[in-house]
Amino acid sequence: MSNTEMKLVVVGAGGRMGQTLIRIIRETDGAVLHAAIERPGSPFIGRDAGELAGLGPIGVEITDDPLAAFLHAEGVIDFTAPAASVNFAGLAAQARIVHVVGTTGCSTADEEKLEAAARHARIVKSGNMSLGVNLLGVLVEQAARALDPSDWDIEVLEMHHKHKVDAPSGTALLLGEAAARGRGIDLATHSVRVRDGHTGPREAGSIGFATLRGGSVVGEHTVILAGEGELVTLSHSAGDRSIFARGAVKAALWARDKKPGFYSMLDVLGLNSN
Ligand SMILES: NC(=O)C1=CN([C@@H]2O[C@H](COP(=O)(O)OP(=O)(O)OC[C@H]3O[C@@H](n4cnc5c(N)ncnc54)[C@H](OP(=O)(O)O)[C@@H]3O)[C@@H](O)[C@H]2O)C=CC1
Ligand SMILES: O=C(O)C1=N[C@H](C(=O)O)C[C@H](O)C1
């Protein structure tokens, strides 16, 4: 374990998570903001990252040059967009630095590219970086394992702010995967992601998703286990974005001395039983 502060780059520095990360890195022992990146043409280029995040000037100017930023850094924290994260994964692998990916909405092809980059890099990726949601995933897996799928239906409900662009949320999919693991099934072939019109009765053993969007909701998730005459509900409510940012910085520090590989927050938090 190194005694020096881990030099971190925040990409998507002007975004909701980017600004939160700049604040959380500032208050975390063992981590320091090395650089802050935005896309070329962004109005944030040239601004002081601390000033943008409400901390006052910290002497780190936002640039659009990730290659230069990664060169002398040890990790990059990335809550951006799927195409951007795939691109950053290639650059992070070249620079042999830790890449923490919070971006959601990645396609199967994107995931494959990230996994390929993890042959040379340490990538930690999760649809939700908070301790609470990852613990919830463990509980959902246990509940799904315990309850007979012919008697119990599983539905995942989520609500987010009106700016969110992907659905179902990364967290809803993480919880669906946990339920599928508990049941020993493949989520992709057992999920019902939308319902509309004359759907017919619910197919036994499927895992359903429902998506709500509105206002400034940070992130609400509920897994409903519905039996005959009874409901079990397991929920998580995010009060503010600092829970995700703290988890992401913890993941970067955890991965600092790990071998190249594709890790999840369950690995970081010691909750991985697989
Ligand atoms: N895993 C987790 O725990 C969490 C995941 N998320 C996920 O993180 C992602 C970002 O969320 P949020 O912060 O709310 O979104 P925002 O839109 O507020 O922020 C994304 C930022 O990334 C920037 N960006 C996009 N492409 C590039 C690029 N190529 N280079 C540099 N910067 C780029 C955007 O710039 P521009 O606006 O110009 O496009 C924007 O500033 C989403 O996928 C979200 O679902 C969010 C919270 C928690
Ligand atoms: O876009 C968001 O805001 C969030 N995205 C993540 C997701 O898709 O689950 C995590 C969190 O719920 C906030």
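From the backbone N, Cα and C atoms, a Cβ is placed for every residue, glycine too.
What TrEMBL records for the NAD(+) site is G12, A13, G14, G15, R16, M17, G102, T103, T104, S126, G127, N128, M129, and among E38, E141, E155 the residue it adds there is E38. Among the recorded positions listed (R39, S126, K164, G170, T171), K164, G170, T171 have a CB atom closer than 6 Å to some atom of ligand 2, in sequence order.
In this view, H160 (active site, proton donor/acceptor) is surrounded by 25 other Cβ atoms within 10 Å of its Cβ, with every protein chain counted. Cβ contacts within 10 Å of T103 (NAD(+) binding site), excluding its own Cβ and spanning all protein chains shown: 24.
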